[in-house]
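Per Swiss-Prot, these features apply:
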{"type": "BINDING", "residues": "His67, His139, Glu205, Asp280", "note": "Mn(2+) binding site"}
{"type": "LIPID", "residues": "Cys20", "note": "S-diacylglycerol cysteine"}
{"type": "LIPID", "residues": "Cys20", "note": "N-palmitoyl cysteine"}
{"type": "SIGNAL", "residues": "1-19", "note": "signal peptide"}
Amino acid sequence: MKKLGTLLVLFLSVIALVACASGKKDATSGQKLKVVATNSIIADITKNIAGDKIDLHSIVPVGQDPHEYEPLPEDVKKTSQADLIFYNGINLETGGNAWFTKLVENAKKTENKDYFAVSEGVDVIYLEGQNEKGKEDPHAWLNLENGMIYAKNIAKQLIAKDPSNKEFYEKNLKDYTEKLDKLDKEAKEKFNNIPAEKKLIVTSEGCFKYFSKAYGVPSAYIWEINTEEEGTPEQIKTLVEKLRQTKVPSLFVESSVDDRPMKTVSQDTNIPIYAQIFTDSIAEEGKEGDSYYSMMKYNLDKIAEGLSK
């Protein structure tokens, strides 16, 4: 009986060791980290750091609104299986219908162990509207300096989960942030050359506060955030009255919103819509703006061109 007990203990010990070994994700085991990102922007930044070292799933499809989303069965499955989950935080996926909060709770995932806010360390800007005052503005990625913070946070967690690929992640992070930094410096110089009376970026959603602070271009909008009413007659009237007091040459409309309210503003002010720009999503693969870097470059170029008219 004693011998049988000893054998049972040895058997269970072997099973435990095998289980631990099979669960380890590193280059030597041949297993890739299963990573989930909540939207296409975060997914693209992650891809630039991790390359082919991970299996990556992006939840909110390209072109859709990440503020309020209903996860599909595939999203639930991937989140449950994920080793690492990246979300924006600061009132994006956890505001509105709080879809991300419900998703990670159902998947039994733990904050700062399984899922991480890539915006950690960003200098947060707050909303101003009557119904939203005091809430965080989530659109931090529209300042390239914050995009670099996102990249560093992502690399940090990849290294923590997959230390065997540390050098790979660090090299990619260095190359990527240098590229973003160069674009950021070019943008600041570009906007310095635009006359002050033309410096006003007008969009449907008031998502350009971080952009405005970074590049010295004030912003105006129809509605403040996509979780409130969008394009009401009162909102449109307020913006039209403001624009009639300015010399702004161009308007802009985002790729992920209904363009009809901005078309009404354009008709009422005789200010043309210069371009569609990207805010909550990158473009579809193969199109201009299909990465975080190219999306930001496209936005910076189009906004500078439009305001220089």
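From the backbone N, Cα and C atoms, a Cβ is placed for every residue, glycine too.
Cβ contacts within 10 Å of His139 (Mn(2+) binding site), excluding its own Cβ and spanning all protein chains shown: 23. Each of the binding-site residues Glu205, Asp280 was scored by how many other Cβ atoms lie within 10 Å of its Cβ, and the smallest score goes to Glu205. The Cβ of His67 (Mn(2+) binding site) lies under 8 Å from the Cβ of Leu92, Glu93, Gly95, Gly96, Pro138, Ile225, Asn226, Thr227, Asp280, each of which sits 6+ residues away along the same chain. Within 8 A of the CB centroid of the Mn(2+) site residues His67, His139, Glu205, Asp280, the other residues of that chain are Asp65, Pro66, Leu92, Pro138, Cys207, Ile225, Asn226, Glu254, Ser256, Thr279.
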